[in-house]
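Report on the structure given below.
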Amino acid sequence: MISCPDISLCLSLFEDNSPLLLPKIGDRDFSGSLSSLIAVIADLWRRDRKVRSRFPCFFPLRLLVVSHWHCNANLTETTFSRTADSSNDGGCHLILGAREQDSIKCRRDLPARDLAPPDASRTSSASVGSIEQIPTNDFCRFHAFEKAHSMDPTSSGRGVRQFKTHLLHRLEREEDETKHILARNDPKEILLFYQQYYDKNIRGGEYTKKPEEMARICQIATVLYEVLKTVVPPNQIDLQTQRIAEDVIKKRDQYAHYNILPLYAVGVKPAIMELPEIKAALHALRNVDNLPKPRIHFPVTGPDDKTTVPTERVGPVNDILDWLATIFGFQAFQFFEKETLESNCIVMLNSWDMKKGNVANQREHLILLLANIDGRGRNPGEYTQLESGTVVQLVDKIFKNYRSWCNYLHCKSHLRFQQGTDIQQLPLIYVALYLLIWGEASNIRFMPECLCYIFHNMANEVYGILYSNAGSVSGDAYPNEARDEEYFLRTVITPIYDVLHKEAKRNKGGKASHSSWRNYDDLNEYFWYEKCFSSLGWPMDHKSDFFRHSDGIPPANERLNQAPSGRRKPKTNFVEVRTFLHLYRNFDRMWIFFILAFQAMVVVAWNTSGSIAAFFDADVFRSVLTIFITSAFLNFLQAVLDIVLSFNAWKSLKITQIVRYLLKVVVAAFWVVVLPIFYFSSLQNPTGLVRFFSSWAGDWTNQSFYNYAVAIYLLPNILAAVLFVLPPLRKTMERSNFWMVTLLMWWAQILPLVEPTKLIMEMPIDNYQWHEFFSNVTHNICVVIAIWAPIVLVYFMDAQIWYAIFSTLFGGIHGTFSHLGEIRTLGMLRARFQAVPRAFSKRLMPSSEKVAARKDEIKDEDPNVRENIANFSQVWNEFIISMRQEDLISNRDKDLLLVPYCSNDGSVIQWPPFLLASKIPIALDMAKDFKGKEDDELFKKIKGDYYMDSAVTECYESLGDIIYGLLQDEADRMVIKKIRDEVDLSDDGELETKQHQIINVLQDIMEIIIKDVMVYGHEIFEAIHRQNIDVQSDKKEQRFEKIHIQLAKNKSWREKVVRLHLLLTVKESAISVPQNLEARRRITFFANSLFMNMPRAPVVRDMLSFSVLTPYYKEDVLYTDEELDKENEDGISILFYLKKIYPDEWTNFTDRIDPKNELFEEDMSESIREWVSYRGQTLYRTVRGMMYYRQALELQCFLELEGHNDIFGGYRSLDLNDRAQKGFRDRAQALADLKFTYVVSCQVYGAQKQSDDARDKSCYKNILKLMLTHPSLRVAYIDTVECTVNGRPQKVYYSVLLKGGDKLDEEIYRIKLPGPPTDIGEGKPENQNHAIIFTRGEALQTIDMNQDNYFEEAFKMRNVLEELTKHRRSARKPTILGLREHIFTGSVSSLAWFMSNQETSFVTIGQRILANPLRVRFHYGHPDIFDRIFHITRGGISKASRVINLSEDIFAGYNSTLRGGFITHHEYIQVGKGRDVGMNQISLFEAKVANGNGEQTLSRDVYRLGRRFDFYRMLSFYFTTVGFYFSSMVTVLTVYVFLYGRLYMVMSGIEREILESPAIRQSKALEEALATQSVFQLGLLLVLPMVMEIGLEKGFRTALGDFIIMQLQLASVFFTFQLGTKVHYYGRTILHGGSKYRATGRGFVVFHARFGDNYRLYSRSHFVKGLELFILLIVYEVYGESYRSSKLYLFITFSMWFLVASWLFAPFVFNPSGFDWQKTVDDWTDWKRWMGNRGGIGISPDKSWESWWDEEHEHLKHTNIRGRVLEILLACRFFIYQYGIVYHLDIAHHSKSLLVYGLSWVVMVTALIVLKMVSMGRRKFGTDFQLMFRILKALLFLGFMSVMTVLFVVCGLTVSDLFAAILAFLPTGWAILLIGQACRALLKKVGLWESIKELARAYEYIMGVIIFMPIAILSWFPFVSEFQTRLLFNQAFSRGLQISMILSGRKDKLDKTSRA
């Protein structure tokens, strides 16, 4: 269904007016076709004076044409609803009274009005502009009047009667004003005009105009015919006019909007259609002569009995895809009927509107694939046949996964080929069939094996139709009847989609457990089993197990969107259970290795004096052999986990898989029993449990038997090791053996602990300071656990540190050998600039036979060098010009950096002026010093400096050429010629615009040369005088007067003069050009990359074709004026902020804008918006960067296709008016279209188009502007159309592709979807998936919305694409190419700089080592390039299952690796990327990534990779993905374990006993071992890769300086804080779930975040944990006696205090104006208001504490029983405070009785009861019984004072006991609160939930006050706020901020004075 476009947009098409808002009439929007458009505009015109003033004639024909044209332009519209008999629906009803109806009758009898324009020449124009010249005429108004009257005859709508009356008056008034031009009456006038328009524009322009022009002309002609039918009676329309109308309809279909290939357009064909590879592909697809024609059945009404009889005919087929579409019912078109009356919906269109669908899309897709493959390496001459290998190559690539699937299922492939048939036709049919299936599969594209199953059966049908008459199973004949357009979608795709949709509902928005629903992987893996053939069948049985859902018929009261209930279906193969045990199950080999190695080291250290050589001692070796027993137990655990964690999937497993699991458990259990028995039986004098096991062994006491058992146990591992070390894998092991270093390092840490541990185990401890429950435990096991637990945890995580060290060293070495950082400064660039052109030609220019032959002919090296520089100058100059357009450099910088397009007339190479800076002045100074000496010495010295010699020579030659060119008189020219014959050097000058000034300067120059410079200069004049004596005149003595002043207008001459001026005037300052740091970085990186290892560029014709895909949702497109000028609380706007951050770029921008332009103010506003947007993370910036690819391709075509002499002329010197050069440009654009496509998937573009929201409307208009600016840009979106089916409204969804037209978008393809695609999985991958069908080519680059590109990097794209085809030692070719990124947000703030450095190290040195040698690089959402065909046949470029695939990008890498892919990384090309720049933004991003890694831990992909990788690769995989987050968690957990262990030892008194022991006091080993973990807590070693990469690319001095500055700017505080973010969200995700996409926002952070915002965001992740550690450290400090005499105590606790301070106050340190006093007061007021507000339904969390508190603990509502129990157990740790402290109170009198602890609980319960009484009293008596409430409080106060008095006087309570009681009881109350939250349902039943909530509110108040107090204190001091501003922003902005505040204050003061 089609609806009307926005009225304001239509109006803006033909008038220069500002956008107008479309009003609503009643409760409905007017839309529909022309009539509804007219009605709306009429009402708008009537009510809006502005509209009336701009459009006094609001119904001219041009409005009619434009409105009809755009209604037919496939714009998304709303529905115009009306009923003939309803008068109360609020619609617009046009009802006429008697007078109006009489007027209509009279009007029909009036003479007709003219239509033709006053000028006959204008009527022949082919554009809309010609129609716009037609004057206003009343028959058009009459047509509009009739349309309105037919819609509402009674004129009951608002303003309708007034509109009709005005229209009638206007018709009567203008009746005498119009005159006919072509005829005497209206019918004849319009008929003649219509025929004339057809003859001159359609018939005459068919073979002269482009398809785009013809499409517009046909649209206009269609509308003209509609007007003609209204004005001219039907009997007066002659046959010729009818035939013209029919021909227009046919041609309009031919000239429909196209994407890249106008396949069916006639006439002048674009250059791309003339390419031979396109013609060959078309010829191959149109080979359908021998195919059986499909039979079309249709009913025909009988002539007599009115019955229907079946009839069939043969359907027409144009190509292979048409044939397949007809046979299987693919979407060829989407039809919209002219009038479809259903319920309250009417759609009025000009005719049946056909939208090209899946078939047309895949037709173009296949043609481009074939053309690109076939054209590669082939002679570009004329040919019409595809090469034999082209189709074979495409078939092999597309069906590789299908063939693997068939082999896996042991079924026969249905890719069958008959001998003797066309070798290309059937393969192309198979390829086209697969692409058609894939193009219409919607969400099923994420299920590659499901697509294989569908293709498998449909390919069988194809073969049967072609070569058989009977089916293989049923015996029935294969049908070849034509099916309807949506048959395949309806019968195949939609049923599978419905299963997906139903399962997605079970997800409950990401809150349900993964085991309770089936995701994409579960449903796809259903097709991994042979049972899919028997169970599902073909055609698919909808009653099969796959479709039959256990829910059955939903209950009558079940809502439509309610999640299905009932018994759930089993998972397939794997179950994502929330537990940390996945880490052990996935990486069991690693954990077994670590545990066994740790056990072996402890055993050796325990049994010897510390020598490793003692390992070979018999007793020690026997003890070490116990590691195999441990291994058996660990293997048994792994086998049990396989069964337990996969239990929900057992029903889907094959019997062989179940048997394998069970056998694995049995074998593991066997070794668990056998190995201990055999080992213990070999011991002498066994005791206890050992004796029990020994008795089992009986007489088998031979020790060697255990050794045999171990050998048998190890046999499988030995075989695996032998296979591993075979030559193909040996190098991998050798390159990865750095992990062994960890064991050697750990020996030095374990050994010192052994001796103190032995002493502690033997020490008797009796003097406990509390009631010890485990006093009878031998060997002080609890103490040993408290000491060793943090050491063991550090042991398991410190491999992460060693990985950082290894990656730093190896990454640095690898980067050095890759030539990174060889050119990192301008000085290095100048030193090597001579070699840059040669390197450019070697790397970036293809080596063709033509070029090689030309080089062979050249004997001298100089011409070759000139050609290199000529080629280089084209790209270099475009690079420099692009930076000038981006305002990175100034005009002067541009002139200094440009390289002249080399010409053959110069004797030296012309280098850019910045290399020749100050060379001429220096040469002049040298000449002065050589005055009176030999010139040879001067020349020798000048030639010693290459650039000086080049500058002097060029100046002389340029000056001579300029003077010689200026002179007209031949005698004057002879003077110059004589001078140049005498002199061998050269000089240059300046050209002025005024002739007399030029003449004077020229004469001065010549006088100086002849009289001062030359010795015999006067002789030249005399010789010339003698030669011209016959032509002397009165002015014969005046030479050099006649000049070619017109040369001043010659661009090349002006450039030569400017360059000469620069060479003569530039000083030393030009050496540092450019000043802009970003420009310097880009220049040096580009020059450096030319010397790196990269494949040589192929010719454009041979390069791989590629697409770029960018998903977009609702991010910023282009900043509005309001957003730029909006000031924050400090008066800082974004524009002001950026002016201070980028002052040089703002200056360059203002210089670039031309103030002389008439539209300067309007252009300036638009340019400022673009300037700001190009410095933010906007879609505008991304699109501009990606479109550099196309510019680079066109330039590459120029360098390849143009002749040798043309190259020297310059790319920008092309004259498009020249036919040959225009043909070249067309060919270059055709090749660019063939090789490059850019699609932006704007998911909600249609909704934004219709939205009334100002921001959405702005986004729509800006996206439209992008399409109009970049014609090759395509926008895909999901369209939603409402229609009525069986009397019920229903939404229909489409994938739509758009491109920019003249002024609006044009729809290209519309493909119907089975349902809403984004309801199934994650938003971003679903957005990518719906648009991927519109991409083209063999490669696909994924670009995020916050990325950028650069012209010079785009030029290297064809080099990096060669990596996909480059021959390698391994048989596999890369499937994903990783690219380097530059983080361009590093200069915004200090936080952005931190993130930039961190991300830079990850995307460079980190991924460098991941790719080589570790080979564990995946896809991280960066600008990676995919092997497109590989991935579209294997599930796409991401995974989309809800929640589990939250980090959808990395799963593409997992999937690619698991399916045999190979991922590389390349650093000679870079793409820009923006990162989050504010504290809260960064934290949200880190939370999202941590959530994603938590979900990855549970996923089947990580499980399979962990199980399939070899051991070393598995280690690398673990520590670079989920292991990094688990190690971060262990880092924090180590602090907790250490402090709680210390708390146990301190509170129990054990630590005092141990440290007072003389043996322990003499040994510092215990202190040293405990101190080592503090070093790891600092995590400084993790910064090593960052420092190494900065040093590699910028120099190690710069790296050291940056590191120091980062520390001064508190980078350690920031990274420590983010450590807490990672740990919190990673742990919560695994335990409880709750992962979700967190929108971070990508704007500029120049605003102050309120205290309440920070508290809500960080309360549970940082503040609670920080306060817990704070209390732990306080208790440890107060009650501990450890390390009092040692400096190590301070060192150990310092890192923990640093951790606490970072977690509590980092958000406020990095918050702009965080310590401003006024803001602090406002924050406190806002926070108190938030705490006091009550929650409820509809109250957002930022408005009420209660709402936030409920949302914060929502994960506990959906967690399982395992998560609740674990929460309760973890909460019990807080009880240890009360238990330990009460025994140290003075009131306890050193009693160790358990009664003391019991009495403390009495006090705790009493306090809670009192608080509850106060709360209840306030609620019940606080309002109505104030006196009673006060009495209650008084009684409670008196009781409290009485009790305290008794305790102080009688029981011995002290003041210190009060403070200690606070430390004791606060944690206990928090534990009660945590347990209450976990038992929420139970407490609600017993009525205690409100008490828990009030207790939580009290704790929140306490935490808020504790955190806020230091902030308030620091805010008192103004210098703190100033220091913080300097800390957060660079110096320029800090200075600007202060100025802004001063000005703001002064302005306020003036305002107050004036008011007074």
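Any Cβ shown, glycine's included, is placed from N, Cα and C.
Fair warning: this is a prediction, and the values are worked out from it, not measured in the lab.
The annotation domain '1,3-beta-glucan synthase component FKS1-like' is assigned in TrEMBL to 425-541. The transmembrane segment feature in TrEMBL is assigned to 591-615, 627-649, 661-680, 705-726, 738-754, 774-796, 1517-1539, 1688-1710, 1794-1814, 1835-1855, 1861-1883, 1895-1919.
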Overall pLDDT for the domain '1,3-beta-glucan synthase component FKS1-like' (425-541), taken as the rounded mean: 88
Helix, strand and coil residues within the domain '1,3-beta-glucan synthase component FKS1-like' (425-541) as assigned by DSSP: 79 helix, 1 strand, 37 coil
Candidates 661-680, 774-796, 1835-1855, 1861-1883; stretch with most C-beta pairs under 8 Å toward the transmembrane segment (1517-1539): 774-796
Whether the transmembrane segment (1794-1814) meets the transmembrane segment (661-680): three or more C-beta pairs under 8 angstroms: no
Positions on the same chain near the transmembrane segment (1835-1855), where near means CB under 8 A and six or more residues out: 1785-1787, 1789, 1810, 1813-1814
Remote residues contacting the transmembrane segment (1861-1883) - C-beta distance under 8 A, at least 6 residues beyond either end: 1668, 1671, 1674-1675, 1753, 1756-1757, 1764, 1767-1768, 1770-1775, 1777-1778, 1781-1782, 1785, 1800, 1803-1804, 1807-1808, 1889, 1892, 1895-1896, 1899, 1902
